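As written in Swiss-Prot, here are the features:
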type     : residues                                                                                       : note
ACT_SITE : His44                                                                                          : active site, proton donor
BINDING  : Ile168, Thr169, Met170, Val171, Asp172, Met173, Ser174, Trp224, Lys225, Gly304, His305, Glu306 : NAD(+) binding site
Amino acid sequence: MKVSFEQLKAAFNRVLLSRGVAVETADACAEMFARTTESGVYSHGVNRFPRFIQQLDNGDIIPDAEAKRITTLGAIEQWDAQRSIGNLTAKKMMDRAIELAADHGIGLVALRNANHWMRGGSYGWQAAEKGYIGICWTNSIAVMPPWGAKECRIGTNPLIVAIPSTPITMVDMSMSMFSYGMLEVNRLAGRQLPVDGGFDDEGNLTKEPGVIEKNRRILPMGYWKGSGMSIVLDMIATLLSDGASVAEVTQDNSDEYGVSQIFIAIEVDKLIDGPTRDAKLQRIMDYVTTAERADENQAIRLPGHEFTTLLAENRRNGITVDDSVWAKIQAL
């Protein structure tokens, strides 16, 4: 089905207000969920909203909590999210990293005791729109087996890197081949995954999203490489924030809350003049996209460039929402 941005935001807002969330907070949170969905990231927008409300109802998310600064060390700051709303707090933390970068050339905010930030790419994009390089990542509950294991002991720990090119170039990727959100998107659409995304119950690689969702044997990105990246990203976020690791979140909490996150902004213009920056970025993009195609019908893509097209299509034609997901939201 198709819905407008206004319908989507109103639906989110209604549910949030019914839970006693303050009017201004509910409006800002509903706006972010709707913008994420409008941008084409359904997995971490509309599809994720019922799960967000479940955690709100369970008390994992404290809607009136505010992040609190703990430590300042020049360009580095450490904050405690105090289990506030994840996407609103993440936006504030990247804003703060940008402010630090304006003063120091680089800014780093390490956040502990945070909630799921929904679409991580929103915060990298936020920095790149202002002319900064944006880098951020989060740890999570253990939802992926380390390479060579059957049991989930590491997080998908998504990493975002956004570059202020025209259009913005951005990698937004979990350390698994697919996020659980994208497994859901493909299952709801009745599609197999384009490449292997995990293991079946017999230990064979599979493209069936529903099987992987059920047995939780998701495949690390690049096999042992994604497994290793997940571990070191967790270590850095834990140390810099003095927060909880994947092990602590998984073993000590009843659900995925109290995670650790990193937000970095770099002011490129302190290092290179604008025309030179733009020319260098354009040369990189042209060099990549003019490579001989392996398939004449398949364009060579640059990461993140599709979001501009998806946003325009959704604004023109309406936002696609799965019927079953919309029914869940209406029932909340």
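From the backbone N, Cα and C atoms, a Cβ is placed for every residue, glycine too.
Recorded features from Swiss-Prot, shown on the structure.
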residue: His44; record: active site, proton donor; Cβ contacts under 8 Å, 6 or more apart: Thr36, Met118, Arg119, Gly120, Ser179, Gly181
residue: Ile168; record: NAD(+) binding site; Cβ contacts under 8 Å, 6 or more apart: Trp125, Ala128, Glu129, Ala162, Gly304, His305, Phe307
residue: Met170; record: NAD(+) binding site; Cβ contacts under 8 Å, 6 or more apart: Gly121, Gly124, Trp125, Ala128, Ile160, Val161, Ala162, Ile163, Pro303, Gly304, Phe307
residue: Asp172; record: NAD(+) binding site; Cβ contacts under 8 Å, 6 or more apart: Arg119, Gly120, Gly121, Gly124, Pro158, Ile160, Pro303, Gly304
residue: Ser174; record: NAD(+) binding site; Cβ contacts under 8 Å, 6 or more apart: Thr156, Asn157, Pro158, Leu159, Met221
residue: Lys225; record: NAD(+) binding site; Cβ contacts under 8 Å, 6 or more apart: none
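Per the record's binding annotation for NAD(+), residues Ile168, Thr169, Met170, Val171, Asp172, Met173, Ser174, Trp224, Lys225, Gly304, His305, Glu306 show a top Cα-Cα distance of 30 Å. Asp172 (NAD(+) binding site) carries a strand DSSP state (E or B).
Its Cβ placed at the centre, His305 (NAD(+) binding site) has 15 other Cβ atoms within 10 Å.
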